[in-house]
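Annotated features in Swiss-Prot:
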- S41, E43, E47, E128: Ca(2+) binding site (BINDING)
- C2-C13: disulfide bond (DISULFID)
- C30-C127: disulfide bond (DISULFID)
- C102-C119: disulfide bond (DISULFID)
- 1-129: domain 'C-type lectin' (DOMAIN)
Amino acid sequence: DCPSGWSSYEGHCYKPFKLYKTWDDAERFCTEQAKGGHLVSIESAGEADFVAQLVTENIQNTKSYVWIGLRVQGKEKQCSSEWSDGSSVSYENWIEAESKTCLGLEKETGFRKWVNIYCGQQNPFVCEA
């Protein structure tokens, strides 16, 4: 069972927040919202579609991006081997860009594709627990 106001998909709970925060602040915020909470980790195309729908319905007219729980470690295009909640990255769906370090969902792709964004940018986000 998900906390009130959260949506369920395959045993996990999700909640989009229309609060503009940096990646680090958003991740910290998610850990405070629910037991086991983190920025969303997208591990299948089905989950990607579910999250895209959730964002589209709940975070209207965001400028462009929505944080997910993935950041690039180091200067190379070396993706972190795990999501912020510790789960490993097996599903990937991002747009190549110059090295920026944190990943967000891009509005132009219906919040389905991932794009590298500067981690200090303030964006809405989705928490998962």
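Any Cβ shown, glycine's included, is placed from N, Cα and C.
For C102 (disulfide bond), the same-chain residues that are 6 or more apart in sequence and have a Cβ closer than 8 Å to its Cβ are W23, W67, L70, R71, V72, N116, I117, Y118, C119, Q121. Comparing the binding-site residues S41, E43, E47, E128 by how many other C-beta atoms lie within 10 angstroms of each C-beta, the top residue is E128. Neighbour list (C30 (disulfide bond), Cβ cut-off 8 Å, at least 6 residues apart, same chain): G37, H38, L39, G69, F125, C127, E128, A129. Apart from S41, E43, E47, E128, the residues listed for Ca(2+), the same chain places the Cβ atoms of H12, V40, I42, S44, V51, G69, W83, S87 within 8 Å of the centroid of those Cβ atoms. Remark: secondary structure over the domain 'C-type lectin' (1-129) totals 28 helix, 45 strand, 56 coil, with classes taken from DSSP. With every protein chain in view, the residue among the disulfide-bonded residues C2, C13, C119, C127 whose Cβ has the most Cβ partners within 10 Å turns out to be C127. Counting only the Cα atoms, the space from C13 (disulfide bond) to E43 (Ca(2+) binding site) is about 14 angstrom. Between the C-alpha atoms of E43 (Ca(2+) binding site) and C2 (disulfide bond), the distance comes to 19 Å.
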